[in-house]
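In what follows, a single structure is set out as structure tokens and then discussed.
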Amino acid sequence: MSAPSLPTSFCGIELAHPIVNGSGTFDAIAAQRAFGDALVEQFPFAAFVSKTVTVAPREGNPPPRLWELPAGLINSIGLPNKGLAGYLTHDLPELARLPVPLIVNVMGFTREEVAQLVTAFAERDEVAALELNVSCPNVETGTIMGSDPTETARLVERVRPLTQKPIVVKLTPNASDPGAVAEAAEAAGADGLSLINTIRGMALDPRTREPWLGAGTGGVSGATVRAVALAQVSDVAQRVSIPLIAMGGVQRGRDADDLLRAGATLVAVGTESFRDPAAGRRVAHELERLRRERTSSGAPTRA
Amino acid sequence: MSAPSLPTSFCGIELAHPIVNGSGTFDAIAAQRAFGDALVEQFPFAAFVSKTVTVAPREGNPPPRLWELPAGLINSIGLPNKGLAGYLTHDLPELARLPVPLIVNVMGFTREEVAQLVTAFAERDEVAALELNVSCPNVETGTIMGSDPTETARLVERVRPLTQKPIVVKLTPNASDPGAVAEAAEAAGADGLSLINTIRGMALDPRTREPWLGAGTGGVSGATVRAVALAQVSDVAQRVSIPLIAMGGVQRGRDADDLLRAGATLVAVGTESFRDPAAGRRVAHELERLRRERTSSGAPTRA
Amino acid sequence: MTAAVCTDDGRRTLAPPQRRRAAVLERRTYGSYVVLRVADPDGPPPRPGQFAMLAAAERWGGGDGERPFLPRAFSVARVPAPGEAEFLLEDVGPGTNRLCELDAGDDVWLLSPLGIGFAASESDLDGRRPLLVGGGVGTAPLAILQDELGDAAGAPLLGFRDAPHAEGAAYLRDARVATDDGSVGHHGRVTELLVEELDRDAHAQVYACGPPPMLEAVRALCAARGVPAQLALESGMACGFGACFGCVVPTKTGYVRLCVDGPVLDADQLETALVPGAGH
Amino acid sequence: MTAAVCTDDGRRTLAPPQRRRAAVLERRTYGSYVVLRVADPDGPPPRPGQFAMLAAAERWGGGDGERPFLPRAFSVARVPAPGEAEFLLEDVGPGTNRLCELDAGDDVWLLSPLGIGFAASESDLDGRRPLLVGGGVGTAPLAILQDELGDAAGAPLLGFRDAPHAEGAAYLRDARVATDDGSVGHHGRVTELLVEELDRDAHAQVYACGPPPMLEAVRALCAARGVPAQLALESGMACGFGACFGCVVPTKTGYVRLCVDGPVLDADQLETALVPGAGH
Ligand SMILES: Cc1cc2nc3c(=O)[nH]c(=O)nc-3n(C[C@H](O)[C@H](O)[C@H](O)COP(=O)(O)OP(=O)(O)OC[C@H]3O[C@@H](n4cnc5c(N)ncnc54)[C@H](O)[C@@H]3O)c2cc1C
Ligand SMILES: Cc1cc2nc3c(=O)[nH]c(=O)nc-3n(C[C@H](O)[C@H](O)[C@H](O)COP(=O)(O)OP(=O)(O)OC[C@H]3O[C@@H](n4cnc5c(N)ncnc54)[C@H](O)[C@@H]3O)c2cc1C
Ligand SMILES: Cc1cc2nc3c(=O)[nH]c(=O)nc-3n(C[C@H](O)[C@H](O)[C@H](O)COP(=O)(O)O)c2cc1C
Ligand SMILES: Cc1cc2nc3c(=O)[nH]c(=O)nc-3n(C[C@H](O)[C@H](O)[C@H](O)COP(=O)(O)O)c2cc1C
Ligand code: FES
Ligand code: FES
């Protein structure tokens, strides 16, 4: 099958099609260990979004880290990563060899940590854009940085001057009004937004009756969050004019098409990649086919 | 099969077991038209929670009102009801004949409307408790009454003196921190809390690519919200000491048991009743069996 | 079989208040349609026009997109013997697809009979001749109605898309058929047959079931000629017993829940039979 | 069949980077276990100890509680012929239940071969005799390992709960069996057979797969005697190729992803083989 072709531009980055991966749902380095060069030759995504990088290395949460849901998953991975220095030394050179642009996702526990991360990547040509994961609590104020418009704005204002690269803010769905946070991020200078991150969820061990996940609670993803994602993307798209990377439960071309229809520019595939590493490419192909059918049947593609 | 027996007390109301219905997911009057006296003889719930009553009658939202999800449902029913006067005249006398206590769910678009509703039911002996649906926007401030702790507190403070009946506040899951709203409601005098209401969701018509639901967006319920419900119930239970009615995706005794384990006193069955009108009774029976097995196997029932 | 309690002027047999598990006894096909014959010893006898909520007892869900999750509504198509029921199905989506896969020996979940059926007693007819008009899978409730009316019912008028669908006509007795593509019977719409019949003798009572555009044509036609018509409508249902308020259709007096106030409605209750979100 | 590329000292055959649809050729049972033989013409030959992620191609999901949603991990149990693979399954939940229902003619989704297999070349063995120790369904990867080692592998030591499970021993050649209830073979634990063997001749290399308590007993036993052991572990997996970071197990040097750094680990990498959230 030929490579999907639906040329798309996002924050000035030119992509072959609008399908990328969700941060933390695809490890291109590990996948190369499992699949070899074949992975790179038929890379499933038009850009690669790397797993969240923090300043200090993290082991992640104690296992078990996964709980299967009806049509979904709770994870409590806990952002394991090699830390900024380890990422720059070990991961960045390998990811730079991928055939697609690289978006680096970063998270800090204080604004200054985020600033440090943004500064470190500002001068790296290998990096096309930065995504800020703001789903962690602000250790100073106690609020979740990304659920409060004011906190989000202060963070974006702090880091915006530190790089010329596009800054994408990844919103949390666990907010009373994600649209208000989106507006605040845009006003503070964000170039794009991505949503949705996982929704807080929990499960009990059927035998012990204690929380199953090592960390107690985790984040829900997969088909089960699709309708919530579409509602939030639709709302945010109507309230900002910067481009969106939309995600949440995308399994088929039609799901991606729904999110694009709701106003997104790119669509990320997350959990569905766990069911098939080639899911991103399949979704892009299905989207291409949908577009072709719609164009040839003369139906309107966008109202 | 004999009636399930798991005697439970909630805000001073004695119930045969802890399973009730979610507001708006069972119409005991319509069900009697479909099933006759047999429904009342084997009533599926230990208390009946009626659909939201508003001051003025409402037709509800334009159809279509339903969209099926993987393991769930989006509804945009829009609170159709006969209004306070119609409810008092037509519904209350019929519901008073049910063999179980009656909890009336009310919603107002202003605090004064809620006060009017609470006052109207304060003197009605047929009514065991009131549930306040605070998921609507405050028309004065624009915020959703139930997603803001301050708004919720002001509402509860306003209506608390108007009745001696227990007041249960039904929290919305579409809040950054439902636990904070719960604490505010408790401090303001609420006797109990119920959660979760539906989560905002959306779907597109596969043919027209326009929103499927007549109202554009709706609320997600069913198995698909179960993990989110458990996380919120667990969090709220740790932050308040008033009793909880927990709901969200309960299909089996084990799901109810999970919510009780997380700290709830009662559990409501909503969407699952659509798959089987006797679901509440079955869940209660399954719960009874689980309890019996656990007692006889000597395993701890509560840490 | 339980003693049936009937309300709403004999148009509603009450259902037992829980879903029951029932065995599929037989699966037949009529061209594009599947007929499931189901053992239902505990089910009270349905009135023509009443419906059931059905779900496969095993592996409901899990198809493309993990649907179906909720049960689906189907007219009781026939009561071939006491304690049995038949359903006529068309595979149009994940729920009907799963049900059409069932075969003898499989089980279904059944909540039945639900809703208000056709008013078709002698006093309802009041001397008018019953005229049965069906489109596509809307044929289903006309079979049980034809069985009940016996010889009083003339030839049912049935419209189908094409020949494979028109094989569904064999499920009824003596049907006159119209097909969109002319492959069987009259080339054209079933409403053209209805016009013919009404031209011949307008002292009729019409009973119709079919896709919204057909029902709307029947409604307009009968309204224009002052012929009383009862329409069995469809809308998206979650529960089937009035619990969810999801199945409303607009009538002249506001929204009504089709599952408890229908599915059979008097045509003159409606401004239009083109209800939102129904049909395919 | 594609030319197999092998990395990690020959212990990892690379997998094609997408799941593929494969036909079930045969379903056999060995007491409590089901063996599925699958056509896999495009699959490169797996190394013993590697695994596959499997899902039924139809009606995955939809069972009790609408699970399974994700694929499930299974050791490749045997390559009975080039372009084929066998899996040995025990029905313990919704995913294995659905897979155990499959029969000849059904299809599965397959992502394979994954992970790092056993180090069992002559240089790995370095003169030690290979000793295969399995518990329950952990028997699976020992079959393909036995096939590869040929006569070098002595009698595998297999432990089972009871007689119906012990029938699984017939899947391997010449196994010595222990059962918890004494119904077949040695009455007791398989580790008692292992102690016997090591007492006789400790110059061995142990390859073990089974439930966590058994693996932990093997680990402790071998550590105490200085016998090298390789353990094929289990943990809950979502993806199988390093994408989700969900399958980690604690080792002396921190968490490792069992799907890309295992499932076979050197026993001396571990403080304990009792990993959280695995097993039943
Ligand atoms: C009273 C009554 C009697 C009926 N009698 C019969 C009968 O005798 N025989 C028969 O074959 N059919 C009958 N039907 C219709 C039958 O109920 C539907 O065909 C069936 O529900 C379709 O389910 P499905 O899963 O196969 O298709 P669905 O996928 O549910 O598609 C059916 C229609 O539903 C809508 N839809 C699509 N996706 C969704 C979604 N996610 N959520 C909500 N709506 C969606 C679309 O309009 C689509 O065209 C009757 C319906 C009613 C209300
Ligand atoms: C590398 C590897 C190789 C394996 N090889 C084999 C093999 O050859 N043969 C074989 O039969 N099995 C093998 N297994 C085990 C097999 O993968 C599991 O038995 C299977 O995943 C169980 O799935 P299930 O849906 O049947 O059961 P599940 O319901 O998934 O239950 C299995 C266990 O998962 C946990 N669990 C229960 N509910 C959930 C939930 N909702 N979310 C997450 N976890 C839950 C519990 O601990 C439960 O005991 C292997 C596993 C691994 C990792
Ligand atoms: C196992 C797992 C790990 C994730 N890790 C991260 C992460 O490190 N950083 C981040 O911003 N989002 C992370 N996410 C969120 C996803 O990027 C995505 O927002 C979410 O899963 C919704 O998409 P999906 O339903 O397609 O999976 C993770 C999700 C999963 C399931
Ligand atoms: C069709 C439908 C109508 C509902 N109507 C109301 C309502 O009128 N008032 C209310 O407080 N909650 C209403 N709810 C929310 C339910 O009471 C319950 O909180 C929610 O459905 C979660 O439970 P479940 O997953 O078991 O359905 C409604 C839910 C559904 C599905
Ligand atoms: S289908 Fe639920 S009220 Fe009619
Ligand atoms: S199973 Fe996903 S990383 Fe191992």
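All residue numbers here begin at 1 and follow the chain in the order shown.
Every residue gets a Cβ built from N, Cα and C, even glycine.
Feature annotations, courtesy of TrEMBL:
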DOMAIN    C:17-120  domain 'FAD-binding FR-type'
BINDING   C:Arg72, C:Ala73, C:Phe74, C:Ser75, C:Gly95, C:Thr96  FAD binding site
BINDING   C:Cys239, C:Cys244, C:Cys247, C:Cys259  [2Fe-2S] cluster binding site
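Known features from TrEMBL, placed on the structure.
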| residue | record | contacts (Cβ under 8 Å, 6+ apart) |
| --- | --- | --- |
| C:Arg72 | FAD binding site | C:Met53, C:Leu54, C:Ala55, C:Gly95, C:Thr96, C:Leu99, C:Met237 |
| C:Ala73 | FAD binding site | C:Phe51, C:Ala52, C:Met53, C:Leu54, C:Leu114, C:Glu234, C:Met237, C:Gly240, C:Cys259, C:Pro263 |
| C:Phe74 | FAD binding site | C:Phe51, C:Ala52, C:Leu54, C:Phe87, C:Leu88, C:Leu89, C:Ala140 |
| C:Ser75 | FAD binding site | C:Gly49, C:Gln50, C:Phe51, C:Phe87, C:Leu88, C:Ala140, C:Pro141, C:Ile144, C:Cys209, C:Ala232, C:Pro263 |
| C:Cys239 | [2Fe-2S] cluster binding site | C:Met53, C:Gly246, C:Cys259 |
| C:Cys244 | [2Fe-2S] cluster binding site | C:Met237, C:Ala238 |
| C:Cys247 | [2Fe-2S] cluster binding site | C:Ser235, C:Gly236, C:Met237, C:Ala238, C:Arg257, C:Leu258, C:Cys259 |
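Residue annotation for FAD gives C:Arg72, C:Ala73, C:Phe74, C:Ser75, C:Gly95, C:Thr96. The furthest Cα pair among them is separated by 15 Å. The FAD site, placed at the center of the C-beta atoms of C:Arg72, C:Ala73, C:Phe74, C:Ser75, C:Gly95, C:Thr96, has further neighbours from the same chain whose C-beta lies within 8 angstroms: C:Phe51, C:Met53, C:Leu54, C:Pro71, C:Phe87, C:Leu89, C:Leu99. Checking the binding-site residues C:Arg72, C:Gly95, C:Thr96, C:Cys244 against ligand 4 with a 6 Å cutoff on the Cβ atom leaves C:Cys244, in sequence order. Each of the binding-site residues C:Arg72, C:Ala73, C:Phe74, C:Ser75, C:Cys239, C:Cys244 was checked for a CB under 8 angstroms from a CB of chain B; the ones meeting this are C:Cys239, C:Cys244.
Of all the binding-site residues listed here (C:Gly95, C:Thr96, C:Cys259), it is C:Thr96 whose C-beta has the fewest other C-beta atoms within 10 angstroms. Ligand 2 lies within reach of none of the binding-site residues C:Phe74, C:Gly95, C:Cys244, C:Cys259, judged by a C-beta closer than 6 angstroms to any of its atoms.
Among the binding-site residues C:Arg72, C:Ala73, C:Cys259, the ones whose Cβ sits under 6 Å from an atom of ligand 1 are, in sequence order, C:Arg72, C:Ala73. With helix defined as DSSP H, G or I and strand as E or B, the domain 'FAD-binding FR-type' (C:17-120) counts 11 helix, 44 strand, 49 coil. When the binding-site residues C:Arg72, C:Ala73, C:Ser75, C:Gly95 are checked against ligand 5, none has a Cβ within less than 6 Å of one of its atoms.
Secondary structure from DSSP puts C:Cys259 ([2Fe-2S] cluster binding site) in a helix.
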